[in-house]
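Enquirer: Handing you a structure now.
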Amino acid sequence: MEFLDLPPMLGAAGTVRLPGSKSISNRVLLLAALAEGETDIRDLLSSDDVDRMLDALTALGVSWRREGEGGSYRVVGAGGPFPVKSAELFLGNAGTAFRPLTAALALSGGEYTLSGVPRMHERPIGDLVEALRQLGADITCTANEGFPPLRLKPATIRAGGVVSVRGDVSSQFLTALLMALPLTGVETTVEVVGELISKPYIAITLELMARFGVAVEREGWARFVVPGGVRYRSPGTVYVEGDASSASYFLAAGAIGGGPVRVEGVGRDSIQGDVRFAEALQQLGARIAMGDNWIEAAAPADGRLRAFDLDLNHIPDAAMTLAVAALFADGPCTLRNIASWRVKETDRIAAMATELRKVGAGVEEGPDHLRVSPPARLVPAAIDTYDDHRMAMCFSLVSLGGCRVRINDPKCVNKTFPDYFAAYAGVARPVPVVAIDGPSASGKGTVAERVAAALGWHYLDSGSLYRLVALAAIRAGAPLDDEALLGRIAADLPAGFAGGRAWLAGDDVTDAIRNEACSVGASQVAVLPAVRNALFDRQRDYRCGPGLVAEGRDMGSVIFPDAPVKVFLTASVEARAGRRHKQLMEKGLAANMESLLQDLRERDARDAARAVAPLQKLPDAVLLDTTNMDVDEAVAFVLDLVRGRGLVAG
Ligand SMILES: Nc1ncnc2c1ncn2[C@@H]1O[C@H](COP(=O)(O)OP(=O)(O)OP(=O)(O)O)[C@@H](O)[C@H]1O
Ligand SMILES: Nc1ccn([C@@H]2O[C@H](COP(=O)(O)O)[C@@H](O)[C@H]2O)c(=O)n1
């Protein structure tokens, strides 16, 4: 399973240019394909779901081409039903392609099959099929009645009169029917059975149909009259707005992470219902500003989001972002009227509940609601994403709680926002790390500790952890090459640092772990992958705001590969042996230059030669040779690097 590790973040601020709206992109493509004339589309979303629609249009004989590298496309409309009368279409998990194409093809007089990924075959389509059958369409659900795959055959379409369609499972059924009906040329009334959900999506449909020359009359949200004798006509050029659902992650990032975060591409003039996510965020206390084509969010004045209890039926997609924002609220939060989540890319109510619990939240799950109680402290977790782009994008926000989070299968964002994580990295500010690696007795510990003190940051002496494992093993009489046993000792190590001292099972072992046996033992246990794996997350947990200075052998290569400052601190082996000799003498301990030299050479060789996480200077690490440098100079050198990277002021 591929994964992406997001480090704990200090906050979020900046500007994001949004990708095109998925809902608008796929609707505009279909309308342009059915219209008379050629349509220039600007800022079309580039994503898996849009690719499925473009592939389908090609298979159906509609000519289109991409112009240049951006989102500019030209579609040559068919001026009515699709010209190709027989095709097999694979539509992935793209509901915005599957449902509207089903309706348009059912009225196109050809023989077609439509299928998708297994999850698509679990997502209901029976209400749409039923409505199309009322018009005379010949549709067979080839596996399970009411679900894809579908087989469509030519049939005599009896348009006119009244067609009823349920509106309480997915609003896409009504969208599909409305967009297809002008193909019949006969005035037809659509009556919605049950309370229509996600009304803003129908508003998008009507707005876009009007731009393509078909004005639908509506009575409330229950009756829609599609006129007869009209055809879609290209409006010439259509601009696709930025995706308002995608905006929700960045607006929430601004509200949680300080902000301001500005999204460009949607604003006051948007036709997308999900812009109302900004209003919801405002009710949580976030400070929101809006222009015609942008929205900006910043944290509440007192820094903490307020608990909420909201009906979110009108913004079902963006509402998922609120479920994760609830982790940062000052009390339990309730999301109501979200039953449609159950039939989306995954059962989003169940998935959200499972993953929120992993990060420590208390969650009550109902048929159409979620109640989220924020944890006192977020817990690092690996988040499963269920092949659902929104799960991946929502849970990236956990990192703003100063908590690292792993996103499994991060490429699922390709469905709507292939560059999501790059965009998130553009606004989220990771807790900075200065990684100092180098050979024994080079002065890493001395320099790192002083740099940390100067910056007011946390300090990690990773070598001490290997020393503690060695000491625990020696005390337990464990052979230092028994990998399985040593791995268990490292995983359950009852050790820590407090008051500048190292503790093992309640004993102060600060001096004990520095003795000869522990020094040699540490470098022996450090070659064992089971030991290194067991200490992996333990070391990463030291990364806390405002920053961390970490020293060892693999800080920059393995534990904190994204550290903005990496230093390889070294000195000649003679200088190092001399320093260690002086250090030991000052402590009143016996020391012999010859044996110190030999010991350092052996440890260096073992550290550099081991298969896992060997000691090495990485290309992105700055070499700091302190052979002829004193401690003050070395510390000043590292502090200059930190300031030069803009990680601290001054
Ligand atoms: N640039 C320097 N010039 C002179 N002495 C130094 C310098 N840097 C460190 N020292 C001294 O060298 C000794 C060893 O340094 P330190 O313990 O920090 O090394 P280390 O790389 O962390 O070692 P180890 O890997 O064994 O933990 C200390 O007494 C320290 O004061
Ligand atoms: N990141 C690290 C740190 C240390 N080791 C091993 O532990 C030994 C003791 O480390 P000191 O820095 O306290 O000398 C060292 O010799 C290494 O073998 C490591 O592998 N990775």
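Backbone N, Cα and C atoms are what each Cβ position is placed from, and that goes for glycine too.
Worth saying up front: this structure is predicted, and the values here are computed from it rather than measured.
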Enquirer: Which of these, K22, K199, K444, K566, does TrEMBL list as part of the phosphoenolpyruvate site with G95, R123, Q172, R348, R390, K415?
Expert: K22
Enquirer: So for S442 (ATP binding site), how many other CB atoms are inside 10 Å of its CB?
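Expert: Its Cβ shell of radius 10 Å holds 28 other Cβ atoms.
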Enquirer: If I take the alpha carbons of K444 (ATP binding site) and G95 (phosphoenolpyruvate binding site), what is the distance between them in whole Å?
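Expert: Checking the Cα atoms of K444 (ATP binding site) and G95 (phosphoenolpyruvate binding site) gives a distance of 56 Å.
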Enquirer: From the binding-site residues listed here (R27, G95, S440), select those whose CB sits under 6 A from an atom of ligand 2.
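Expert: Cβ < 6 Å from ligand 2, in sequence order: S440.
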Enquirer: Which residue among the binding-site residues R123, R348, R390 has the fewest other Cβ atoms within 10 Å of its Cβ, if you could check?
Expert: R123
Enquirer: Which of these binding-site residues is closest to G438 (ATP binding site) if you go by CA atoms: G95, K344, R348, R390?
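Expert: Closest by Cα: R390.
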Enquirer: Starting from the Cα of Q172 (phosphoenolpyruvate binding site), work out which of the binding-site residues (R27, S198, K344, S442) are within 10 Å.
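Expert: Among R27, S198, K344, S442, the ones whose Cα sits within 10 Å of that of Q172 (phosphoenolpyruvate binding site) are S198.
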Enquirer: Among the binding-site residues K415, S442, K444, T446, name every one whose Cβ is found under 6 angstroms from ligand 1, counting any of its atoms.
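Expert: Correct list: S442, K444, T446.
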Enquirer: Within 8 Å of the centroid of the Cβ atoms of G438, P439, S440, A441, S442, G443, K444, G445, T446, which other residues of that chain place their own Cβ, given that this set defines the recorded ATP site?
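Expert: Once G438, P439, S440, A441, S442, G443, K444, G445, T446 are set aside, the remaining close residues are V447, E551, L569, T570, A571, R576.
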Enquirer: Rounded to an integer, what is the Cα-Cα distance in Å between T446 (ATP binding site) and S171 (3-phosphoshikimate binding site)?
Expert: 64
